[in-house]
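To keep things clear, I will list the structure first and then write my remarks on it.
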Amino acid sequence: MLDTYWLDDLSPFQLLLGTLVVGSITTALILVGYIFVLMVIRNRRKRWADTLQARIEDEISIWLAGDYSTWELVISFREELKKDPRAGGVILTVILATSKLFRQEGQAALRELLTSLNLHRTCYRLLKSGHWYEQAYATRIISQLQMVLALPLLKRKLTTRNMTLRLELITAMVSLGDQTWLRDVENTSFRLSDWEQILLLERFRRMDISQLPPFDAWLTSSHPDWMLFGIRLCRHFNRFDKVTELGGLLRTDNERIQMAVLDAFEYLGSPETIPFLIDYIRKATGERLIRALQVLGNQGDPDVIDLIVGYTDHTDGTVRFTALKALKEIGLSRDELAGLTTEPRYIDHLFDPKLS
Amino acid sequence: MSIWADLFTYLFLLYTLVLMLIYSASAIASYRVIRQHVAETSFVDYRQILTSPLSPKISIIAPAYNEALNIVDNAMSLLALEYPNFEVVIVNDGSKDDTLQRLIDAYKLEKTALMIQQRVECKEILGVYKAQDEAVSHLTVVDKRNGGKSDALNAGINVCSGRMIACIDVDCVLERDALLRMIKPFLEETDQKVIATGGVIRLANDCVVSDGRLIQVNVPRNLIARAQVLEYMRAFLLSRVAWAKVNGLLLISGALGLFDKQTVIEAGGYSHKTVGEDMELVMRMRRMMEERRQPYAVRYIPDPLCWTEGPSGWQILGRQRNRWTRGLMDCLKFHRKVFFNPHYRIMGLVSYPFWFFYEWLAPIVESLGLIASLLLWILGVINASSFWLLLATVYSYAVCLSCFAIWVDQKTYLQYRSKRDLGRLILMAVIEPFFYHPFTVYSSIRGNIDYLRGKKGWGSMTRQGLSKPAPAPPTTPTPTN
């Protein structure tokens with residue numbers, strides 16, 4: 001009764017402000033409480049996880065040394081899981097970390113252990129219906145422990161919008177040796193960013209895989225991103241046998257593709273690239289011309305001197321300078337270069353040892 | 001009179017409620033973005049980029065003016081950053097002390113015949129120095145006539161060779177992997193061009209720094225610096241992240257920003273006409289992209305990447321805020337064409353109006369509101385309980401927002417771990433609106449007045465220097481047999 005009377009006295013304006021004050025103070029108090037509770041819970045959980053992790057690591061070491069049978073280990077871990085189902089996460093973490101230290105046989109044993117504990121089902125469940133980060137984590141375990149049976153599940157997820165998950169999926173599929181998915185990935189509507197390409201290239205390079213993805217197909221892909229990735233793969237894995245195909249790609253209209261081919265040519269450094277470069281340089285302009293001159297210079301072939309000399313009186317200063325630099329790379333002396341330009345500062349720059 | 005009082009009250013209430021609504025929405029959106037970012041980051045091994053030849057070259061440009069005391073350590077810290085392909089360009093902006101000589105001596109630098117292209121306007125470059133030592137071959141020191149920070153940055157742009165430029169304050173402490181993290185947005189975007197990326201700046205006062213590396217995070221003992229810790233958390237964690245999410249970010253802090261060099265050059269480089277050169281550049285780049293109708297984005301990394309020393313005295317803080325206000329006014333004036341102009345899409349319709357109404361106008365509205373309320377109260381035409389309720393609303397909301405910022409930090413980056421530090425921050429959230437906020441409002445008003453009077457320049461900004469680790473206690477010799 002008293003409350004109603006008191007509230008009746010308030011204008012809507014005051015009521016709104018009062019609600020905001022009460023709401024803000026309550027929220028602030030809840031947040032402060034939560035911050036401290038969070039701190040206590042976090043510390044406790046960390047202590048528990050650290051202790052459990054140390055014990056699991058010890059037991060796995062004993063088991064790997066052969067002093068403990070798989071059955072004994074499984075019983076011990078099941079006890080832990082019975083006590084607290086969250087122990088599954090810790091066990092998975094330890095198995096994942098341990099598996100990185102081993103090759104096929106060791107990984108097979110750990111895979112068997114995972115299956116005996118029924119944790120492989122946890123991985124599948126997470127992959128099917130977890131948040132994206134749970135799916136990515138499960139994918140990583142599947143990839144690391146070579147759980148080939150999960151391939152159909154991985155394929156189904158390939159259309160994901162999440163870049164991080166897609167990266168994990170592609171890495172896992174390459175790691176599991178399945179190449180049939182290639183077109184599926186390529187035909188998803190999502191672009192393959194430079195970031196993904198860099199990470200995938202580095203992951204492929206570090207992987208102990210017998211067969212690379214068939215990037216020959218990517219070189220003729222209708223999707224520029226995948227074509228670019230194919231070119232970069234050629235460069236990364238020293239595919240000298242692909243020079244002709246790469247040279248053909250210099251005729252595409254896409255500037256990124258052309259620049260990637262020039263990068264690949266520079267890295268491969270094969271004399272077979274020179275005819276393609278000579279052909280290209282005659283049509284190239286701007287940044288692409290500068291890059292082509294650099295690449296041609298780095299090849300060090302004296303047969304192209306006359307061609308490059310033609311660019312030392314180009315209208316663009318950067319082109320003139322790059323041409324002189326290319327000639328220096330091929331082996332022309334300071335005096336010879338000085339005779340080709342009216343700008344001595346270019347020569348000073350090129351022959352300054354601190355700038356080389 | 002009473003009608004006017006009512007009108008004033010309701011207008012003020014509306015202004016406050018809209019501001020609270022924007023802050024709340026951006027705080028919630030920011031939290032969601034940060035949580036997603038932290039989850040993504042846990043799957044990325046940034047060190048994989050270290051071996052990639054595809055990483056674009058980054059030139060770090062650090063202007064230095066009278067920094068002789070710490071310049072060698074600062075340069076060493078920058079040279080030790082983790083990135084596969086980068087150079088450090090320190091621009092000595094006509095220092096009156098021996099900043100240049102210390103660098104020359106420490107790194108055995110020699111003058112080079114580097115060919116410089118004048119791509120953006122800057123004062124005369126007197127010399128470019130490089131070391132013969134291979135270990136520091138990625139250090140370039142530029143000596144030039146004094147022209148201010150923006151001029152020094154422009155000189156760095158003319159000299160550097162990277163595709164990307166990281167413009168930083170030379171005395172900041174960067175996380176070792178800051179460049180690796182900041183390059184990600186540029187590389188992951190496929191449908192639009194990322195023209196700039198900013199990172200979170202945090203206060204390093206009383207934190208322990210060793211060899212140019214932050215090794216222990218502490219809450220500052222100084223109350224002014226501590227209030228800034230909270231302020232930075234609110235600004236960087238709860239606001240800029242959300243603005244970046246909707247591609248509406250207008251400001252990338254001068255302490256740390258990574259830019260696409262070509263876009264910066266095309267936009268004309270840093271402006272000499274303002275002390276808010278960092279914000280002005282971003283606005284100009286955005287305008288240029290909008291006018292060209294090119295798809296673009298300005299991104300933001302919520303990770304704490306850069307630690308800087310904040311002012312710990314009222315005078316220096318006042319000067320800083322005064323300068324910020326003048327810089328903001330310049331930016332709003334130079335780019336007034338954008339105001340509610342649909343041609344500039346989110347920049348014109350949302351970001352610029354927000355900065356106008358809620359960054360520039362807020363301190364003025366707050367001061368006028370307070371003065372008017374007091375006047376109306378004296379005249380007896382304002383409802384005292386309503387007045388107190390309004391004040392209580394603003395105050396309790398400010399405390400709530402600060403607590404939310406602390407909570408977000410605890411849920412994501414966990415920078416402050418001890419109960420004592422947390423207690424200090426929470427207490428600061430309660431008391432800061434009484435002593436710190438009024439001062440920043442006052443400084444902002446002073447900034448407005450100084451701007452109208454035509455004041456230019458930065459004003460001096462002295463720093464105390466970041467904490468070094470305490471020397472190790474003498475060890476007791478172990479007895480030997």
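Cβ coordinates come from backbone N, Cα and C, glycine included.
TrEMBL annotations: computationally assigned, not manually curated.
Taking Cβ pairs closer than 8 Å, the transmembrane segment (B:12-34) reaches residues 237-245, 302, 354, 358, 362, 365, 369, 390, 393-394, 397, 401, 404-405, 408, 411-412 in its own chain, all 6 or more past its ends. Taken from TrEMBL, the feature transmembrane segment applies to B:12-34 (among others).
Residues annotated as domain 'Glycosyltransferase 2-like' in TrEMBL: B:59-195 (among others). Break the domain 'Glycosyltransferase 2-like' (B:59-195) down by DSSP state and the numbers are 43 helix, 40 strand, 54 coil.
Residues or ranges marked as domain 'Glycosyltransferase 2-like' in TrEMBL: B:213-399 (among others).
Counting residues 6+ beyond its ends, the transmembrane segment (B:355-380) has Cβ neighbours under 8 Å at 1, 5, 8, 12, 15, 19, 22, 250, 325, 328-329, 331-332, 339, 387, 390, 440-441, 444-445, 448 in the same chain. According to TrEMBL, the feature transmembrane segment maps to B:355-380 (among others).
Among the features that TrEMBL reports, transmembrane segment is placed at B:386-408 (among others).
Under the heading region 'Disordered', TrEMBL lists B:460-481.
Sequence annotations record features per position, and here TrEMBL assigns compositional bias 'Pro residues' to B:470-481.
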Tertiary contacts of the transmembrane segment (B:386-408) (same chain, 6+ residues out, Cβ under 8 Å): 9, 12-13, 16, 20, 23, 27, 30-31, 34, 230, 233-234, 237-238, 373, 377, 416, 422, 425-426, 428-430, 432-433, 437
